[in-house]
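Colleague: The structure follows.
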Amino acid sequence: MKLILKLIIGIAGGIIIGLIGFEPLTKLLITFEVIFGQFIGFMIPLIILFFIASGVANLGGASGRLVGLNVGTAYLSTLLAGIMAYFVAVAIMPMIASERSAPEEDAGLEPFLELEIEPLMGVITALVLAFVFGIAMSKLKTETLISVFDQGKAVVELVIKGIIIPLLPFFIAGIFAGIAAEGTVFETLQIFGLVLVTAIVLHWVWISIQYTLVGLYTGRNPLQLIKTMLPAYFTALGTMSSAATIPVTLKQAKENKVREEVANFSVPLGATIHLAGSVITIVACAVAVMSILDGFTVPGFFEMLPVIAMLGVIMIAAPGVPGGAIMAAIGVLTSMLGFTEVAFGLMIALYMAQDSFGTAANVTGDGAIALAIDKFTDKVK
């Protein structure tokens, strides 16, 4: 059964349990939600440390100029996409949420017990440590240490795939059971629908901007370029994985006349580091969650800009599994925006509901970056 279907069942099950009013079962789900939220918080610094350190170390062996061009272009695309999403979300989300009841933090039923699981380190500490070790391992070619971080990455990925992702439906069920018990679930679901539509529209706006710019730069028809990349878009809708879509993205990039040596390097790298579609969703959903939850204020642009910039860095080495981007981003949201278990639970539910569309936007954008890199490297030969 696909994860999105399991999440829908989790949402529906949580709502039904919360509305029935059988308090012991509702409190049991809420207890699981609280403890599992603590476990996710514990894993976040480890996700950041092992994935970023391993990613930076393994990038070091590739061609310096091509890596720099790809990473710089991917980061710029992700940053600008996040900024666009912020301005649109700030204009739309408060109006969507203004006349609706919101679930309250620390309101309603209490869990049977609370278990505090302290992370080994803070998110920013993990990020700095990851870059220090990643850059040093790349320069010193420390194969043994690189192997340790690669194996640590494999362990963390196993935890994500084997524990976190399978148990997410129960976590989401606990959140929605609590919201239903408070009587605000249907207003929350209406907001969900509008947020998801907004995110998908923004994906296509950003795809159009990317291909318009690359069309102007290369002297090609943007609509024809997008049309050629559509098989990659629709493949990603099904796979929910940039990595699994690489063969199709590569084929379509070459059909757009990207030179083979550039496509063979740029597309697989882009599948790992370019997550503009994911950041659009994360930023839009974060603004929505802060708009509907009591106790949160949507930050101004200059307060939000460091958050978007940090999300861009985190996305470069986000885990390549369904939901990996939001799992990595939770660290930024909790440390910089003060998100609680309820807030990041809603974020996960919103993000996972459109994960395939965000992935499709990511891989389609990879084609635009490959075209730009191809043109630039051809010019400077």
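Note that Cβ sites are derived from N, Cα and C of the backbone, with glycine treated the same way.
The model shown is predicted, which means the values in this text are computed figures rather than measured ones.
Quick paste of what TrEMBL says about this protein:
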- 7-30: transmembrane segment (TRANSMEM)
- 36-61: transmembrane segment (TRANSMEM)
- 73-97: transmembrane segment (TRANSMEM)
- 117-137: transmembrane segment (TRANSMEM)
- 158-179: transmembrane segment (TRANSMEM)
- 191-218: transmembrane segment (TRANSMEM)
- 230-250: transmembrane segment (TRANSMEM)
- 270-293: transmembrane segment (TRANSMEM)
- 300-318: transmembrane segment (TRANSMEM)
- 324-351: transmembrane segment (TRANSMEM)
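Walk me through where these features lie, including what they touch and how far apart they are.
Modeller: Here the transmembrane segment (7-30) has Cβ contacts under 8 Å with residues 109-112, 168-181, 185, 349, 352-353 of the same chain, all six or more residues outside its ends.
Outside the transmembrane segment (73-97) by six or more residues, the chain places 191, 194-195, 198-199, 202, 205-206, 209-210, 270, 273-277, 279-284, 287-288, 291-292, 298, 301, 304-305, 308-309, 311-313, 315-316, 365, 369, 372-373 with a CB less than 8 A from a CB of the stretch.
Sequence-distant contacts of the transmembrane segment (117-137), counting only residues of its own chain at least 6 positions beyond either end whose CB sits under 8 Å from a CB of the stretch, comprise 35, 38-39, 41-42, 44-46, 48-57, 60, 145-146, 149, 310, 313-314, 317, 331-332, 334-335.
Tertiary proximity for the transmembrane segment (191-218) is limited to same-chain residues at least six positions away from its ends with a CB under 8 Å from its CB atoms, namely 77, 81, 84-85, 88-89, 92-93, 96-97, 100, 225-226, 276-277, 280-281, 284-285, 288, 292, 349-350, 353-354, 357-358, 360-361, 364-365, 368-369, 371-372, 375.
Beyond the transmembrane segment (230-250), the same-chain residues lying 6 or more positions past its ends with a Cβ under 8 Å from any Cβ of the stretch are 3, 263-264, 267-268, 270-272, 275, 320-322, 355-357, 359-364, 366-367.
Sequence-distant neighbours of the transmembrane segment (324-351) (same chain, 6+ residues past either end, Cβ-Cβ under 8 Å): 7, 11, 33-34, 37-38, 40-41, 43-45, 47-48, 51, 103, 105, 122-124, 126-127, 160, 164, 168, 171-172, 174-176, 178, 188, 192, 195-196, 275, 278, 281-282, 285-286, 288-290, 293, 296, 299, 306-307, 310-311, 314-315, 317-318, 358.
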